[in-house]
Structure formats: C-alpha cells, structure tokens
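Reviewing the structure listed below.
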Amino acid sequence: MQTLLNNISQLLQVRDTHIDKVSGAEMAHLPLLENAWLLIEHGLIKDFGLMEDIPDFGMLKKIDCSGRVVLPTWCDSHTHLVYAGNRVREFVDRINGLTYEEIAKRGGGILNSAKILNETPEDDIYEQSVLRLEEVMRQGTGAIEIKSGYGLTTEGELKMLRVIKRLKDNFPVAIKATFLGAHAFPAEFKSDHTAYIDLIIDEMLPAIVKENLADYIDAFLETGYFSVEEAERIMSAGKKYGLPAKIHVNQFTAISGIAACVKHGALSVDHLEIVTDEDIEVLKGSETMPVALPSCSFFISIPYTPARKMIAAGLPLALATDFNPGTTPSGNMNLVVATACIKMKMTPEEAINAATINGAYAMGLAQTHGSITRGKTASLIITKPISTYYQLPYAFGSNLIEDVLIQGELLS
Ligand SMILES: N=CN[C@@H](CCC(=O)O)C(=O)O
Ligand SMILES: [Zn+2]
C-alpha cells in the first residue's frame, strides 16, 4: 500500500498548496527539491521532503532514485488518439507540395479519416487505440483528453465516444472525453451547414449526454470549417447540457474566434498558431487556458504559437500533442516539451509548467494532477540517470524515461 521513492536527485513541480495554473512570469518558476524523498500511499502522494529530514518509515517498498529526476506525469489536454487507419499517403502528398488545405479540398483530411472510421468496427478501433494509449503512457503521459470528431454521423460519433469510455474503464490514466461533432462538414452537408449543426445539436448531443459519454464540447473554428457564429451555436448548446467548451481556433487564420470562446467561458482555446494583439487582449484576465500544439506546427510546417509574446503579456500557456492521424501522428509529450523549448523559445521551466499543471487545468484535472502536491494522484515519471532536468528538452531524440508510475503503480 505504501511505496517510498528515495534519493531523488531533483523532485520537480513541488507545490504545497493546490494551485490550479501558472501564468506569465510565474511560468519561469519550477519549484523543486534536491536530494528528496516521496511517499506514496493508496495511489496518492502522501508526503515528501528532503533526504536529510527523512522520517524512519521502517520496512516498506522502496525505489532508489539516485541520480534520477522525478516529476509529475505529463498532462496532455488535446488529443484525437481514437481513430482508425492512418493518413500516410497525405504525408507523402505534402512532401510533394500539397498543403493541408489542398488535401482537404480533394476529400482527404478529416473526411478521409471519417470514412475509414465509419467503415471500421468498434472493437478494431478500440484495439488500435489501446496500442497508442499504451505507447503514450510509456512516454510519461498520466492524464489525457481524447476527442471524437472522425464520426461526423450520430452512430460514428457515439462509436468513438464509446471507445473512449472503454479506455477510461480499462486504463488507470485519467481520461477526459470531448465531443467534436463540429470537426468538419460531411460532403452531403457542404451547402447546408445549418442542417449539419441542427443534427449535432438536436440528435448527436442528446444521445451522447444520455449515455454520459462526454465531458467537453469542441468545434473547429476556422476559415473554411466552422464560422464564429456556427461555433457559438455549438458552444451554447454544449453549455445547456453542462459541457464546457474546448475549441480548435486560430490554427490558420485569426477571425475573432478567441473572443467568442472567451465570451462563452471556454475552458481552453487550442492551436493558436496565428495570434493577434486583439486575441491576447481578450484572453487577459479570462479563465480560458491557451493551449499550444508545437508538434502539429512541426509536422505540417505552419507557424509556432507565439509563446514569448503571450507569456510576456501575462497569459498562462499549456502544451499538448494534438495526437491525430493528419496533422500530428505522435502523442509524445517529451517531444512537445523539447519542441516548445527549441522552436518557441520557452525555457525548460516554462515548458514543464505548461505540460503539467497548466495541461491539467486545460482538461479540468488541476485538483488531482499536474504537480507534486500532498493528496494528488501519484502519477510520476522517473528519469534515467541525468545531471539536470534540462536534459529532458536538450536530448530531444532520446528516451530519458526509466519508469512511469500511474496512481502509484509501476507500468510493467
Ligand atoms: N485542425 C483540426 N483538427 C486536427 C486535425 C484533424 C485531422 O487532420 O485529422 C488538429 O487539431 O490538427
Ligand atoms: Zn486537434
């Protein structure tokens, strides 16, 4: 029932009180203990301190963390981990010069994944998704949000959300489910957007809520996808059913979508590759978490979220993977943290804050995840022997994780 981690060279993200997020200049501060111990009891963080003051715990299971860094598991607040098949052909098409938008116009992109998903049995989708979830757990993810959005039919969306529910029931990681029926307009609704949004609101949402399958609602608010007004209808409908919004916005264009999300009390606004001064102004003082997805920028060669400008304006920032078959076929949060440091010029402290406590906030899990705090879930990363946590983003292609504990249990 009790496990002691001792001789920890650096214990990161140690917070005495339950803070829910860090913003602006606070993001540069990553509280840590050197030469520390941490006690786990019943899957929770019971206590921690310095080795020089360690109480006599007597006989209990011990893990020697000499030379190792221990930190909370990554909190990946934006993924599309449940999908069927892959889009490797579009990857090669992009290498040969087509853009994401051009591929989508030819019927590829999201509609391509929707076609495959609707043709694939639920059990197959589950098995494919299990492999991805197991992989990201080994890569240190202990809490994750997963979206629907490749069904685009009532049955397809329910199928995806049921798969997410099965993952929740069968795995110890914390999972939040987001309904993303408003991901793209199916071909048959291309010239009748209102009819598709009516279908989402009048048929999909009630069915999803009846089975209690979603925690949040999402829409792809973007030129050529869902307009500000259309996304506002979705957010309002979600609110009626008690589903706060987490919105894809400002990936390619800035069309005042962020202001609409803040007005609707969105929990997060995600992507933000294109950010205007007006967008930054509306986020100031709001409770909405901006979420950057740098491995998406990397994979499809679009701009990176202007982290320095946003942090200088006092905003918080979270980092997530966007794991999906089209724009980011990777759920590796270590790579996200490294890319944020290398390409967005976030410091390691800022990037780790963004990938832990702020990520937890962006999926409503800040009370239980994202920091080393007494009473929080003992989901922890133990690194291989390293000299400092700076090595995590520095050695961007190496796997520096030795062990992962989820709710106090070592992954096998
Ligand atoms: N941009 C919208 N949705 C996904 C990509 C979906 C896809 O291409 O399959 C994203 O977040 O990047
Ligand atoms: Zn996404």
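Glycine is no exception: its Cβ is also placed from the backbone N, Cα and C atoms.
Unlike curated entries, TrEMBL annotations are predicted automatically.
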Handout entry: Candidate from ASP16, ASP169, ASP322 that TrEMBL assigns to the same Fe(3+) site as HIS78, HIS80, HIS248
Key = ASP322
Completion exercise
For the N-formimidoyl-L-glutamate site that TrEMBL gives as ASN324, GLY326, the extra residue out of TYR150, TYR196 is TYR150
Exercise for the section: Please state which member of GLN128, GLN251, GLN367, GLN391 TrEMBL lists alongside ARG87, TYR150, HIS183, THR327 for binding 4-imidazolone-5-propanoate. Expected result: GLN251
Completion exercise
binding-site residues HIS78, ARG87, TYR150, HIS248, GLN251 vs GLY326 (N-formimidoyl-L-glutamate binding site), shortest C-alpha separation belongs to ARG87
Completion exercise
Around the Cβ of HIS80 (Fe(3+) binding site), other Cβ atoms within 10 Å, all chains included, total 27
Handout entry: Among HIS248, ASP322, ASN324, which are recorded as binding-site residues, the nearest neighbour of TYR150 (4-imidazolone-5-propanoate binding site) by Cα
Key = ASN324
Fill in the blank from the handout: Same-chain shell around Zn(2+) excluding HIS78, HIS80, HIS248, ASP322, C-beta within 8 angstroms of the CB centroid, reads THR79, LYS147, ASP270, HIS271, LEU293, CYS296, ALA320, PHE323, ASN324, THR328
Exercise for the section: Give me the mean pLDDT over the domain 'Amidohydrolase-related' (69-409), rounded to a whole number. Expected result: 98
Exercise for the section: Using CB under 6 Å from any atom of ligand 1, narrow the binding-site residues HIS78, ARG87, TYR150 to the ones that qualify. Expected result: none
Practice task
Could you check which of the binding-site residues (HIS78, HIS80, HIS248) sits closest to THR327 (4-imidazolone-5-propanoate binding site), going Cα to Cα?
Solution key: HIS80
